[in-house]
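First comes the structure, then the notes that go with it.
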């Protein structure tokens, strides 16, 4: 097939009345050679070569940087010396990684790298031990220490020198790493152990109160990570238990959501107006009840008497009690319900205003939805077509994760070291040196924290060699990572974006081609192909892969810029509190977000136009945008009103399932729900079912939304190309013609019954 230049001629004038516009233009053997062409061959080839380059890293024998890569290495973990647990000689039986001090780690850094000492152990500890000044030498056997540690030294020296862990609690192995069990019950013990370690002068001198306060601040800051981990651990464990207990009910909820969504769409074909208005009324009723419920909760909480005894009691809660009540704390705050009330009443007011001022547009939108419901009902398989793009999305995402792990495991570390001498005061804080690194003299040969108690970069390890109180020698080891791996990870991320957007565009064009073939037919029972989706799928794969590659490339580039901007914003927030900088970053992110939304809108209509006429991406985008701009008032209002009505339908399904699951699981109906007493959080199944319902209904309504957008663009094209004469009859449905006060000169009741 030749590439598209001007091969697609405008054949509308050659069409005879009663012949399918699309069928004549695309399927007639007489003009097939004039219009059959492949769009954007160049971008099709670029995308193919890009995919080959993306697949390359996963093929170790063809890609040198990954020849030494092994994703399993990331699962085993490495100790402080860089040895892989269970793989390195001498560590074959030590498959688990133990962290000396989890207060130095964030949640993610446990997997990506933590600055605390790490050692490989045969099994995770099943007992607890905490450092204190009351430890005896008999406790040496309980210590977890580095390899080749001289255990003849005192426990005080072993712990302070960083050779042994200052504490450990019962832990379990997860992904080759030791994670504490029930960490919330040991937080106070860990704090006391750290207090003994950090706030005690090993030289026996008196610590200045100001310096003691600074040390305490560092300790509290370090402990924040432990509190966060303890809270997250308990919440996730309880949520997981709830899901395991209620998995059957959750699956039934998903099945009910799928059934309700399918029935809703099928009913739109029969009584579109009734269903739409019912959805609007139902939404207003649910929103009204939501306003009443949230306001009543707000008033009740606001009116609760809060005396000083209650406040003191709330402040004196133990760490364990605070952690356990953290998940439900938000629901007990009056501000939470006030915010929910404002959100719900705002949505309700918007709906009422739309009903008042856009009644005429709503009538046209309902007719358009009715026509879309007919095309979806005539192609029931289209409702399940999104499964194919969804599977492709999963494949690309899984490949992205595998490649990312492969590249990360192939990094080679180049080590360099240097010695510097710092002058410190009596308690280990830098007093005369211009260096910003602080060495704590109470922890010989351990990591040197910065101002916040942490290393400034994760690739730098600083060891303190205490010789005396006035002169401290720090040994700094810098681990430089191979730079090309970062570039390949960048390539890998861009490959994910491009492929995901390509797959989404592919699904949109296939559906657009199928729905457009239905619109441009008078006799829907004869002119439309039997397997419309398959025909459209074949046309898309045969002619328009390059168009999809070009359109998705544009969106992928913008998304990449958005990702980079998010990273820059994250770094800016870490290093400055400037409001001007935050405002500038917010403006940049907002502009990129708007640009992406605008380009997606253009691309979507370009795919529809390309599916109808077969023109390349640029021409299709220009024609589609020009068509929409010529009908700007109608396009903006009618299209958005239609989207809003579909959104209302989606929200009705989600709200209904959320309300039903809430009434079932909240414990008020104990005779119906036998698991009410066994749940940790009744919100767990409610949230899971609601989120699942949203994605399920979105999958169904995405097909419907594409049908509406296709019908809308075809409707605008129909209004501009045709005038209702016998030579140029309208292809729109009888209902649409009636609302717009348009009619065909030749009224054919036999043909109108197919509209």
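Each residue, glycine too, has its Cβ placed from N, Cα and C.
TrEMBL entries are annotated by machine, without manual review.
Just so it is clear, the model here is predicted, and its values are computed rather than measured.
Summarising the annotation, TrEMBL assigns transmembrane segment to 33-55 (among others).
Residues 243, 275, 373, 376-377, 383, 649, 653, 656-657, 661, 685, 688-689, 692-693, 696-697, 700-701, 704 of the same chain, all 6+ positions outside the transmembrane segment (250-267), place their C-beta atoms under 8 angstroms from a C-beta of that stretch. Summarising the annotation, TrEMBL assigns transmembrane segment to 250-267 (among others).
Sequence-distant neighbours of the transmembrane segment (274-295) (same chain, 6+ residues past either end, Cβ-Cβ under 8 Å): 264, 267-268, 337-338, 340-341, 344-345, 347-348, 351-352, 355, 362, 366, 369, 645, 648-649, 651-652, 655-656, 659. Taken from TrEMBL, the feature transmembrane segment applies to 274-295 (among others).
Look at TrEMBL and you will find 337-358 (among others) tagged as transmembrane segment.
Residues annotated as transmembrane segment in TrEMBL: 390-407 (among others).
Annotated transmembrane segment per TrEMBL: 490-520 (among others), in sequence order. With a threshold of 8 Å between CB atoms, the same-chain residues lying at least 6 positions outside the transmembrane segment (490-520) that come near it are 20-23, 47, 50-51, 53-54, 57, 371-372, 375, 378-379, 382, 385-386, 388-389, 392-393, 396-397, 400, 403-404, 407, 528-529, 532-533, 535-537, 539-540, 544, 547-549, 551-553, 555-556, 559-560, 563, 603-604, 607-608, 610-612, 703, 706-707, 709-711, 714-715, 718, 731.
Counting only same-chain residues 6+ beyond the ends of the transmembrane segment (540-561), those with a CB under 8 A from a CB of the stretch are 1, 36-47, 493-494, 497-498, 501-502, 504-506, 509-510, 513, 592, 595-596, 599-600, 603, 606-607, 610-611, 614, 616-617, 620. Annotation source TrEMBL lists transmembrane segment at 540-561 (among others).
Look at TrEMBL and you will find 644-665 (among others) tagged as transmembrane segment.
For 685-704 (among others), the entry in TrEMBL reads transmembrane segment.
Outside the transmembrane segment (685-704) by six or more residues, the chain places 242-243, 246, 249-250, 253-254, 257-258, 261-262, 265, 268, 372-373, 376, 382-383, 385-386, 390, 511, 646, 649-650, 653-654, 657-658, 661-662, 665-666, 679 with a CB less than 8 A from a CB of the stretch.
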